[in-house]
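So the structure is just underneath, and the comments pick up after that.
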């Protein structure tokens with residue numbers, strides 16, 4: 001779910017915190033990517049086109065196709081991705097997970113009704129709602145990434161929290177996900193739409209944590225309380241409080257405790273046994289692996305391993321897989337060259353700089369000739385001692 005209404009609130013009140021760029025703008029950057037979000041995108045993208053890519057046994061492969069070609073595109077653009085996979089969800093998320101299970105049951109019933117009625121639009125809509133990333137999808141994606149030479153991290157809990165920890169430790173530049181709670185976990189940069197298909201022509205949207213705090217006139221602790229008021233995965237929100245009212249309350253009272261002391265109970269209903277304090281602590285101190293102990297390495301791809309893994313039962317085209325492996329190798333070599341070039345920085349050669357250099361060379365030449373002439377003349381006019 002992420003944080004309800006947060007992106008619009010930032011766009012309305014702190015637009016300076018958002019910048020849109022082409023993918024190539026992030027050339028040379030390391031980016032931590034929410035793997036489950038990516039796999040979900042790849043699965044629903046193919047479902048929306050009406051059919052699942054599958055093995056000879058009917059097992060889906062669209063998540064692998066998406067991961068393979070989208071990762072190649074990132075590397076082609078000079079971006080070094082590291083994929084972060086979810087671990088176990090925190091206990092406080094059980095309520096949200098139960099709601100998702102209920103919505104899934106409703107979607108299954110609605111899909112059956114749409115199928116019986118021959119409603120193509122309804123079939124597509126409810127098919128998308130039934131997509132779920134499984135442990136098997138994640139396992140296969142990790143195997144593929146290893147063969148591609150791209151690192152991944154198994155988060156002990158929430159992937160967004162682990163991504164944020166990598167950003168804060170300086171291991172990567174940004175978190176790439178569609179869930180805004182990466183900012184609530186303290187990621188200083190958040191990239192949305194980075195892993196969208198090229199056909200969608202969506203510019204990458206970059207959110208700056210420092211600029212959004214400045215624009216909203218709050219600190220990081222107050223921002224966490226704002227996100228809880230807006231609605232997060234860990235607890236219910238107060239009914240009747242929308243995004244604009246939430247930021248007004250935070251700007252006035254600075255924390256949830258003081259807001260509750262001053263809230264008009266005739267207008268707003270606070271959830272019974274509201275676990276906002278536990279939710280706050282989950283954002284402040286999430287369960288993550290120590291980022292300093294994580295060693296990120298991008299290595300050469302295993303072309304034969306990729307062919308064996310993707311072709312055969314998974315029915316990928318061997319020629320395309322080999323071409324993809326060559327692109328991976330080329331990207332690896334280009335990144336090595338960039339690192340070498342960074343040791344030998346040269347200033348750009350502008351017309352003014354070139355002309356100035358020519359003038360200096362000519363002046364130096366004239367000075368040398370004059371000096372030579374004087375020395376020669378002095379030698380001829382001097383008597384030997």
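We number each residue from 1, going along the chain as drawn.
Using N, Cα and C of the backbone, Cβ positions are placed for all residues, glycine too.
The predicted model assigns the region 'N-domain' (1-104) a mean pLDDT of 87. According to Swiss-Prot, the region 'N-domain' annotation covers 1-104.
In the three-state DSSP assignment, the secondary structure recorded for residue 231 (DNA binding site) is coil. Look at Swiss-Prot and you will find 47, 70, 158, 231, 233 tagged as DNA binding site.
Summarising the annotation, Swiss-Prot assigns region 'I-domain' to 122-253.
As annotated by Swiss-Prot, Mg(2+) 2 binding site applies to 179, 181, 233. There are 22 other Cβ atoms within 10 Å of the Cβ belonging to residue 233 (DNA binding site).
According to Swiss-Prot, the region 'Interaction with PCNA' annotation covers 336-344.
Here Swiss-Prot flags 346-385 as region 'Disordered'.
The compositional bias 'Basic residues' annotation in Swiss-Prot covers 368-385.
The highest number of surrounding Cβ atoms within 10 Å, among the binding-site residues 158, 179, 181, is found at 158. In the region 'N-domain' (1-104), helix, strand and coil residues by DSSP number 57 helix, 17 strand, 30 coil.
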